[in-house]
Structure formats: C-alpha cells, structure tokens
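According to TrEMBL, the features are:
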type: BINDING; residues: 164, 226; note: Mg(2+) binding site
type: TRANSMEM; residues: 6-27; note: transmembrane segment
type: TRANSMEM; residues: 48-66; note: transmembrane segment
type: TRANSMEM; residues: 86-102; note: transmembrane segment
type: TRANSMEM; residues: 114-135; note: transmembrane segment
type: TRANSMEM; residues: 141-160; note: transmembrane segment
type: TRANSMEM; residues: 172-193; note: transmembrane segment
type: TRANSMEM; residues: 199-215; note: transmembrane segment
type: TRANSMEM; residues: 222-242; note: transmembrane segment
type: TRANSMEM; residues: 248-266; note: transmembrane segment
type: TRANSMEM; residues: 297-315; note: transmembrane segment
type: TRANSMEM; residues: 321-341; note: transmembrane segment
C-alpha cells in the first residue's frame, strides 16, 4: 500500500503549499467572486482554485511518467511516448481547466462552455477510453457496441456539470469529490477489478482534494471556481470508466448531486426558464433556507455521500440497483422535509409583530 500512500502524500502536501500562492495571485489580480443576491458569501473570495487542484495533480503525474511510467500504464499503446489513454485524459483535462479559468476570469457563454466540455470528452474517447458494456441488475449485460464513444462523451459531460453545480457551499464539491475519488481508489484495488493504474490516478486526485479542502471549507478563503469544479467532475467521470466501467458505483457516490441536477433542470424547464441559468434552488441551498448552517448542510451531504459510497463498495450490481432506489426514496423524503421546514419558517416570519426587527 506504500506505493499508493506516497503519491497521496505528495499531492496532498503540494496542494497544501500551492493553494495559498494561488489565492494570493488571484487576490492581487482581482480574480475574485464578488458578493451578489443569489450568492451566500459577503466578501470578495479568490475564485481560481482549480489551479490549486490541477497543478499538484499534473506535477505528480508528470513525475511518475518520468521516473515510474509503468505505474500509470492503462494500455500497451503509446502516443508521444505516453500511455495513449492517459494522454487523452491529460489533454481533455487541460481543455476543461482552460475553459473553466476563462469563465472564472472573463466569463464564458454557457453554450461555448458546453461545446468545450464536449470537446474535452471527445478527446478522451478519441484517445481510446471506451466502455463496451453496462451491468444490468435484471441479468445479462447491456452491450454498447458502436455507441461506446457516444456514451463516454455524454457521461463525462454529465458528471462534469453535476460536480460544477454541486459547488454551491464552501467545501461541498471538494469534499464529495474526495469521497468519490477515495471510493474509486478502493474499488480499483478489489480483486475482480484489479486496476492499479486507476488506483494511482484516483489517489492522486484524492490527495489534491484533501490538500485544498482546509482553504475551501467554511469559511472559505478560496473557491474552486468553474476551473476546479469542472476538472474534478471530468476526472471522476473518466476514473469511473477506466476503473472497469464502474458507472453505477460513481453514480451512487454522486447520486445526490445527480438527482438534484435532474430535479433542478426539470423544474426550470417546467417554469419555462433556461436550464443552465444559475439560481438558489439546489438541495444545498434549500438546507440553508430550512435553517441549517453552511457547515451543517455540508457535513450532512458528506455523510450521505459516504453512506452511499460504502453501499456501492460492498454490493454487487443488483445491490447497487436497490441502493439507487433507496437514494431516490431518501431524496423524496428530504425534499418533503425541507419544503415543510421552509413553510414553517415562512409562517413564523409572517406571524412576527409588524415592526419587530429580526
């Protein structure tokens, strides 16, 4: 296990050291998130935290490619002397971070952001990352065949956006991404998967998340920004595929933000609003409206993610199906409770004497 402990420590320490430097640079250049009505912070916060995740991850990967390339070998085929799959992931990640940084600094039209996400995902597919079949809880498998590349691209774009939308409270996306990366690390080492290179990549990503988290947890000193949140989503989506097509496992760990994203998009469409326009109707925002503090809401979502991560690790395909059903039930119950608490809170405000200052 030491072969995985070392890269974890290296990336953790690097992220811990690089993050204050990125923050200082962002504040000096004015790359900050300014308070606004739909936001919950009250002062300017550095917002290019993606660099503090990306730089340590890339440096450690390059280090291993130079000194121990066999530890990051996914397939025998190489391009420019680098494992072909890994090169596609690195190029796609670079496109994602570049798009996110541009959005963090200048602002990027949602349409072009989506186009660049598809371009990054397409690079991964072009460089040979594929998934040929999906497990079926009712028996047999679903063979993707010629649809493999399309599925890979759509999956990567979906998870990239799911994690980006999750980044609404201090430390939420970073912590949940750490849990997901750690889960995929453990899964990659299980006998029936046996993907040491995927385990290495997962533990590198987990180390970067944990090193960044002390600066990102409430009260945050730096935000992930689109560059960080999209990069984390992109990497988790790719890791789920190259770990042997463990889509169900990743979907369970990220089940709450996936369900939340679907719900929010449907609600916006029903209300005749653009699905990509930001608002404060996500699950984590509703926790705040119901009276929870930022820390309480984030820790609750950490706990739920960890619970489903454990369920994903210790259950087979059929077990994951029932865990997913449980997730949907929990989300419905949570929604009902939150709506009830919001109504109670609103009623309490309306019953306050006129002129009372709260």
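Note: Cβ is positioned from N, Cα and C throughout, glycine not excepted.
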| field | Range from 48-66, 86-102, 141-160, 222-242, 297-315 with most C-beta pairs under 8 A to the transmembrane segment (199-215) | value | 48-66
| query | Same chain, outside the transmembrane segment (48-66) by at least 6, Cβ under 8 Å from its Cβ: which residues? | reply | 7, 10-11, 14-15, 18-19, 22-23, 25-26, 31, 72, 82, 86, 90, 93, 97, 100-101, 104-105, 200-201, 204-205, 207-209, 211-212, 215-216, 222-232, 235
| task | Residue list, the transmembrane segment (114-135) vs rest of chain: Cβ under 8 Å, 6 or more residues beyond ends. | result | 75, 77, 79, 84-85, 87-89, 91-93, 95-96, 98-99, 108, 141-145, 148-149, 151-157, 160-161, 230, 234, 237-238, 241-242, 245, 247-248, 276, 317
| request: Count the CB pairs under 8 A between the transmembrane segment (141-160) and each of 172-193, 222-242, 297-315, then give me the winner. | output: 222-242
| How many other Cβ atoms are found within 10 Å of the Cβ atom of residue 164 (Mg(2+) binding site), counting all protein chains shown? | 28
| note | Filtered by Cβ under 8 Å and at least 6 apart in sequence, the residues in the chain of residue 226 (Mg(2+) binding site) near it are 50, 99, 100, 101, 103, 104, 108, 113, 164
